[in-house]
């Protein structure tokens, strides 16, 4: 009786994310700022309307390959953490820490800055049209939106998930207001912008990696379910189902959206527009000029919500695995969100809200600086290098894991050519991007390499001290030294809350 009561009172992340919420999380993470700002980057670096549409479809197909790989990884590795835990379990602690380092100091702040800037611009657009919104006001609103999402996700898993479901509907509505008018005009014979669609003279091959970066940024979010694996209901069934349905939905939606853009806007119109959706509405249906920007801003808000919701889980898992301060692996005993342990026994809601700034806002100077001085497309190239490098390594880890444990049964398994193709394309694109944008890519590479001394001077030493028994050293060598061994084999500290 006492044991049952103890199990009921155990503190852990509850399985609250159903199939519908997982689908909403993926849709909400993929459909956001990307489809409203990436068309310009894709067209600029692909050279023509036809080739840009090919890039959009190729990015969708590549996203499907990656989503299928992550769906299998999610059924083989039963922990939350996404890229981080997959790299840790398959390739070892060094590459996983380098990802964590790059994610915390480069990828996540830059991505948040890009989405926040899109949110701020579209939110203020109706109030200043036809003039451009003041830049300081855009940046201020961008940061306010970012911190609203932080507060919400530390307050309640349930409410953030419910908001994500509602915003997913808003995102689809925003796309519908672009797709339906565009398709109507196309059916009426407005095909002049598709003449000479595949102009080879405008194609510059060395810029194609940047076109893929812009396109993949719009699709990024297909991996979000893997970050909350431990909170998913029936993950073996719901992860594959959610990623397949959501990615197909987004591919169809994005292709129709881009065709609608090009039906109304010419090449020069897209390249000259700071907000493609607004330019589209201005030329197609001026009566919607005050509606679409607000819906787009809410779409960006949903993207921020999905990203913050999952990033906190990455820090939580990294702390649990001994590569991040233990403070971040504590769970709020009533709300079951990964708030720091110092607040576990607090009933003061003001203090609870203040822990948001301790948990996430170590990135505050980085996000603030990037929002204040950054350009959307330069920031996109900067963080895309690191993101796709480590995603490629994660799918490489799937191949390694299959070879290392051929007897391991997986409820969901993809053909081998899918992870091989995805890994090769990711790593090739990352390598080629050095030639396409050497400055921003070199900065991103430097951020990754700067994690090496930190790992060997701090993390490696701490893990060696905490993992001192012969059994634990042997287990660590095969990436199994973790929470399951922490209770009896002298492994590194893991808070009892999640054992």
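Every residue, even glycine, has its Cβ placed from backbone N, Cα and C.
Of the given residue ranges 210-228, 305-323, 324-342, TrEMBL assigns the label transmembrane segment to 210-228. Tertiary proximity for the transmembrane segment (412-435) is limited to same-chain residues at least six positions away from its ends with a CB under 8 Å from its CB atoms, namely 62, 65-66, 68-69, 71-72, 75, 206, 208-210, 212-213, 236, 239-240, 381, 384-385, 388-389, 391-392, 395-396, 398-399, 402, 441-442, 445.
Cβ atoms under 8 Å from those of the transmembrane segment (49-71) belong to residues 39, 42-43, 82, 86, 193-194, 197-199, 202-203, 208, 211-212, 215-216, 218-219, 222-223, 225-226, 239-240, 243-244, 247-248, 250-251, 254-255, 258-259, 262, 267, 391, 394-395, 398, 412, 414, 418-419, 421-422, 425-426 of the same chain, restricted to positions at least 6 beyond its ends.
Away from its own ends, the transmembrane segment (83-107) comes close to residues 70, 73, 77, 223, 226, 311, 314-315, 317-318, 321, 323-324, 362-363, 366, 382-383, 386-387, 390-391, 393-394, 396-398, 400-401, 404, 444, 447-448, 450-452, 454-455, 459-460, 463, 476, 479 of its chain (Cβ-Cβ under 8 Å, at least six residues beyond either end).
By the Cβ criterion (distance under 8 Å, sequence gap of 6 or more), the transmembrane segment (382-400) is not counted as touching the transmembrane segment (20-37), fewer than 3 such pairs being found.
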